[in-house]
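Below you'll find the structure, written out as structure tokens, and then a few comments.
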């Protein structure tokens, strides 16, 4: 049965308009993105098949161009459309941060960093560079590693903070496993970075570890 033949309250677009996007499942949201199905499958059925094929919404979004385009019902145009949607989301959060005092907007900071790092297939270490009022100067991805680690050099971070004239920084990195729990190695490198930054009076306000849709704050854990 075509979606247009469904009761109005069950159609994804109508449901979003009346109940808001939070009321929709991953498959329903993806169906809106797809717009149409394929022969024998509605857009919602196709969306469910794609989520099963890639394992999750995260798996679909982080798929390589080749794997994405080979999936039935997708293609290069959809890949480009998806990448543009992701980039718009990231720029939206960056613009929101630039308007707010980052240190006083912990939840907004988490949302931004999750959008930036959650779908990275390998570990990435970055930092938010802030001015004396804790307003965002720039977000930089500094080090890129393997699926379970990235080499981090405090002196390089200090040099970048000086070049950007930052008075404070918020550190961040992702765990590609999806588990955001800080490790002992994370705590050790954070202590080294704090020590290096303090020599030049640059404050490390927090270190956020990003997993699958969540971010754990060192400051909230009392680790900074």
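The first residue you see is number 1, and the count goes up from there.
Glycine is no exception: its Cβ is also placed from the backbone N, Cα and C atoms.
Lifted from Swiss-Prot, the feature list:
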DOMAIN    102-224  domain 'MPN'
BINDING   173, 175, 186  Zn(2+) binding site
MOTIF     173-186  motif 'JAMM motif'
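Residue 186 (Zn(2+) binding site) carries a helical DSSP state (H, G or I). Of all the binding-site residues listed here (173, 175), the one with the fewest other CB atoms within 10 A of its own CB is 175. Residue environment of residue 186 (Zn(2+) binding site) contains 20 other Cβ atoms, counted within 10 Å of its Cβ in all protein chains. Close to the recorded Zn(2+) site, the chain also has 123, 125, 174, 180, 182, 183, 209, 210: residues not among 173, 175, 186 whose Cβ is within 8 Å of the site's Cβ mean position. Across the domain 'MPN' (102-224), DSSP helix (H, G, I), strand (E, B) and coil residues number 44 helix, 34 strand, 45 coil.
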